[in-house]
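Notes for the one structure printed next.
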Amino acid sequence: MKKIGILNNEISHVISKMGHTDSLAIGDCGLPIPEETKRIDLALIKNIPTFMDTLKSVMMELQVEEVQIANETQDLSSELFKEIKKQLGHAKITFISHEELKNNLKHCKAVIRTGEQTPYANIILKSGVVF
């Protein structure tokens, strides 16, 4: 039995297979996920698990060089955006429209669906390298 890090086998598997510039998304419970994209559904009940708990856990295991965040997240969920920025370290933030973010989900290795119910609690993480 794995004793540290992410215990969810689907998330752990996706992260371990990611290469430089591959993408992984984390979203709120309302984010529409394309049929062709792997869905890892963690949503249990309202706000469990939270977007931030999920992001923090993934960031512990995935080297991230850039993220895509919807403009609406910064504008309409500013408190959440402040928390996101704290977790990102030196990762570059690229702002795009919410529609563009939804369109980019089809290029992600997977989308992790959380129980989050904060509007625009969505992010695309682009993998970096550890060397």
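Just so you know, glycine gets a Cβ as well, placed from its N, Cα and C.
Keep in mind that what you see is a predicted model, and the values were worked out from it rather than measured.
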- Message: If I go by Swiss-Prot, which of His13, His98 binds substrate at the same site as Asp28, Tyr120, Ala121, Asn122?
- Response: His98
- Query: Taking the residues the record says bind substrate (Asp28, His98, Tyr120, Ala121, Asn122), how far apart in Å are the two Cα atoms that sit farthest from each other?
  - Reply: 13
- Same chain, 6+ residues apart, C-beta under 8 Å of the C-beta of His98 (substrate binding site), given in sequence order: Ala70, Asn71, Glu72, Tyr120, Asn122
- Query: Fewest other CB within 10 angstroms, which one of the binding-site residues Asp28, Ala121?
  - Reply: Asp28
